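*Asks:* Right, I'll just put the structure down here and ask away after.
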Amino acid sequence: GFVFSKLFGRLFSSEKEYKIVLVGLHNAGKTTILYKLSIGEVVVTQPTIGSNVEEVTQDNVKLQVWDLGGQENLRSAWDSYYSGTHGVIYVIDSADESSVLVSQLEFFNLILNSELKTVPILVFANKSDMKGAKSPGELSESFKLHDIKDHEWHIQEC
């Protein structure tokens with residue numbers, strides 16, 4: 001809750017419903033995070049084919065969270081979901097070094113998309129408890145987060 005209100009706080013004063021897109025490469029943990037947010041539990045998930053949408057309500061604020069499949073053949077469709085988006089959650093598998101370069105490329109494509117100009121971005125460094133996981137600081141550096149000027153952003157391990 002705190003991370004959402006901190007990052008998306010400027011939005012919470014003007015509206016009551018927000019569209020959030022949840023993106024990242026396949027197997028990064030997006031759907032697991034979505035269900036942890038929506039029902040408070042970790043559930044066994046299957047790869048998302050296309051998209052999955054859940055409503056998350058907290059403190060009278062309704063978040064419509066669009067969980068977008070991260071397989072290579074689905075990523076080109078991500079931008080068709082961006083219209084009307086109020087916030088982005090980008091999930092990185094911080095323990096999978098082999099996926100970092102592709103994840104960076106997809107992240108850069110996302111922040112350069114005109115539909116998302118100025119939209120706040122929450123980066124989840126997921127699987128941070130696994131051996132060899134990169135720290136939020138390391139990911140911040142490799143994803144050049146400090147160079148981002150058009151978006152408010154926050155990185156959080158989970």
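Just so it is clear, glycine is given a Cβ too, placed from its N, Cα and C backbone atoms.
Automatic prediction, not curation, is the source of TrEMBL annotations.
As listed in TrEMBL for this protein:
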- Gly24, Leu25, His26, Asn27, Ala28, Gly29, Lys30, Thr31, Gly70, Asn126, Lys127, Ser128, Asp129: GTP binding site (BINDING)
- Thr31, Thr48: Mg(2+) binding site (BINDING)
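Please situate the listed features within the shown structure.
*Replies:* Classification of Ala28 (GTP binding site) by DSSP places it in coil, neither helical nor stranded.
Counting every protein chain shown, 22 other Cβ atoms lie within 10 Å of the Cβ of Thr31 (Mg(2+) binding site).
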*Asks:* Do you know offhand how many angstrom separate Ala28 (GTP binding site) and Thr48 (Mg(2+) binding site) by C-alpha?
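*Replies:* The separation of the Cα atoms works out to 11 Å.
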*Asks:* Measuring Cα to Cα, tell me the gap between Gly70 (GTP binding site) and Thr48 (Mg(2+) binding site) in whole angstrom.
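*Replies:* If we compare the Cα positions of Gly70 (GTP binding site) and Thr48 (Mg(2+) binding site), the gap is 8 Å.
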*Asks:* My understanding is the cutoff is Cβ-Cβ under 8 Å with a sequence separation of 6 or more in the same chain; which residues meet that for Gly24 (GTP binding site)?
*Replies:* Lys30, Gly70, Tyr90, Val91, Ile92, Asp93, Ser103, Glu106, Phe124, Asn126
*Asks:* Which one of these binding-site residues, Lys127, Asp129, has the sparsest Cβ neighbourhood, judged by other Cβ atoms within 10 angstroms?
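*Replies:* Least crowded of the binding-site residues Lys127, Asp129, by Cβ count within 10 Å, is Asp129.
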*Asks:* Residues with Cβ closer than 8 Å to the Cβ of Thr48 (Mg(2+) binding site), same chain and 6+ apart in sequence?
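*Replies:* Within the chain, Thr48 (Mg(2+) binding site) has Cβ neighbours under 8 Å at Lys30, Thr31, Asp67, Leu68, Gly69, Gly70.
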*Asks:* Write out the long-range same-chain contacts of His26 (GTP binding site), meaning residues 6 or more apart in sequence whose Cβ is under 8 Å from its Cβ.
*Replies:* Pro47, Gly69, Gly70, Gln71, Glu72
